[in-house]
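Participant: For reference, Swiss-Prot lists these features for the protein:
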| type | residues | note |
| --- | --- | --- |
| BINDING | G82, 85-86, T90, 92-95, 110-118, S122 | 5-phospho-alpha-D-ribose 1-diphosphate binding site |
| BINDING | G82, N113 | anthranilate 1 binding site |
| BINDING | S94, E227 | Mg(2+) 1 binding site |
| BINDING | R168 | anthranilate 2 binding site |
| BINDING | D226, E227 | Mg(2+) 2 binding site |
Amino acid sequence: MTMKEAIATVVEGRDLAPAQAAAVMNMMMDGQATPAQIGGFLTALRAKGETPEEIAAFARVMREHTVHVKPRVSGTLVDTCGTGGDGAQTFNISTAAAFVAAGAGITVVKHGNRSVSSRCGSADVLTALGVDISVDPGRQAGIVQETGIIFLFAPSHHPAMKHVMATRQDLGCRTVFNLLGPLANPAGAAAQVLGVYDQKLTGPMAEVLSLLGVSRAMVVFGSGLDEITVTGETSVTELANSRITNYIVTPEQFGFTRAAPGDLLGGDPEKNARIIRAILDGAPGPARDIVLMNAGAAIYVGGRAATLAEGIRHAAESIDSGKAAGKLAALVTATRGAS
């Protein structure tokens, strides 16, 4: 299938077969598609609506073009990468949760990037925390094995994305690539907590993860956040060994007080780093509570807890024992020594 044929198919509202979607993605990743063709295709695809099968096919090709990291560890690799794009301007909740989950014994391979729609992306706050995000991919497996956590900076692992970056920026609207980042973890995480920017995406994205062979996942949308929230209800679509279930969780279920959105606001990287350090040092409040819920989810899908409630208890122990803060310190030391 050529790019022109793919655009014509999608403009007519017809879905692409997985092989067709893969062919299109290969052309974009290999630099064979022109900027006009990429823009036309992405816009038409968004207007049609992406199917789980199409998204999974795109993700498989993106994974094939990835610079991989293959740590030798026992246990499940877990990612806490979300789609972003919720516009809520919170502090970096899933980044803080990654350290807490790691402190509870989860091996975390967090995939992320610099800010796109917020003032501070995961890469930005980690830099402010002292982590060297530019560590060579060839050294990252060793860091995971040593510390139990690594940050996988997307541009270092997805060089083929350079062929579509300018067009994405020119379009200025969400495309399927906003969904693909969390689906292309360079370490091949088998379990994920994946936050999405729209409640309608929880089911389809869980289907995509299942098609991609992910064994355990929670796809979440929390009252406007791409996180499990303490400000209201969170819609969860859970994947467990090909079985998909839908349910709602609330902060009150786990003994937390419902918070106002303003309680979770972040700012620039330095401010967000201060918030995260305070949480890891044991400061109480809504920021701690939301991190506990999200870290608890990572602990749960990673197989260290039988329920989300048990995962949250392990998360609290991780912070209160100092292990979560210890993981941050270990990652800072390891990355600075590896660069």
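Our numbering is plain: 1 for the first residue shown, then up by one each step along the chain.
Each residue, glycine too, has its Cβ placed from N, Cα and C.
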Participant: If you measure from the Cα of T90 (5-phospho-alpha-D-ribose 1-diphosphate binding site), which of the binding-site residues N113, R168, E227 is the nearest?
Facilitator: E227
Participant: Reduced to three states, what secondary structure does DSSP give R168 (anthranilate 2 binding site)?
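Facilitator: Where R168 (anthranilate 2 binding site) sits, the three-state DSSP reduction gives helix.
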Participant: Validating a neighbour-count step here. Other CB atoms within 10 A of the CB of T90 (5-phospho-alpha-D-ribose 1-diphosphate binding site): how many?
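Facilitator: Total other Cβ atoms inside 10 Å, all chains included: 25.
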Participant: Fewest other C-beta atoms within 10 angstroms of its own C-beta: which of the binding-site residues H111, R168 fits that?
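Facilitator: Each of the binding-site residues H111, R168 was scored by Cβ atoms within 10 Å; lowest is R168.
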Participant: With DSSP assignments reduced to helix, strand and coil, which class does H111 (5-phospho-alpha-D-ribose 1-diphosphate binding site) get?
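Facilitator: Note: H111 (5-phospho-alpha-D-ribose 1-diphosphate binding site) is in a strand by DSSP.
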Participant: What does the structure give for the C-alpha distance between S94 (5-phospho-alpha-D-ribose 1-diphosphate binding site) and E227 (Mg(2+) 1 binding site)? Integer Å is fine.
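Facilitator: Answer for this pair: 7 Å between alpha carbons.
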Participant: Taking every protein chain in this structure into account, which of the binding-site residues S94, N113 has the most other Cβ atoms within 10 Å of its Cβ?
Facilitator: S94
